[in-house]
Amino acid sequence: MKIIGLIGGIGSGKTTVAQLFVDEGFPLVD
């Protein structure tokens, strides 16, 4: 199992990238 973290400032696209992962079936913990 791999854990991937998304970091970045406000407006850097974290939510967009997270949604792409969810759309591909990856679990998301916010």
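Here, residue 1 is simply the first one shown, and the rest follow in order.
Cβ coordinates are placed from backbone N, Cα and C, and glycine is handled just like the others.
Database features (Swiss-Prot):
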DOMAIN    3-30  domain 'DPCK'
BINDING   Gly11, Ser12, Gly13, Lys14, Thr15, Thr16  ATP binding site
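Here the features listed in Swiss-Prot are painted onto the structure.
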residue: Gly11; record: ATP binding site; Cβ contacts under 8 Å, 6 or more apart: none
residue: Ser12; record: ATP binding site; Cβ contacts under 8 Å, 6 or more apart: none
residue: Gly13; record: ATP binding site; Cβ contacts under 8 Å, 6 or more apart: none
residue: Lys14; record: ATP binding site; Cβ contacts under 8 Å, 6 or more apart: Leu6, Ile7, Gly8
residue: Thr15; record: ATP binding site; Cβ contacts under 8 Å, 6 or more apart: none
residue: Thr16; record: ATP binding site; Cβ contacts under 8 Å, 6 or more apart: none
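Surrounding the centroid of the Cβ atoms of Gly11, Ser12, Gly13, Lys14, Thr15, Thr16, where the record places ATP, the chain contributes additional residues within 8 Å, namely Gly8, Val17.
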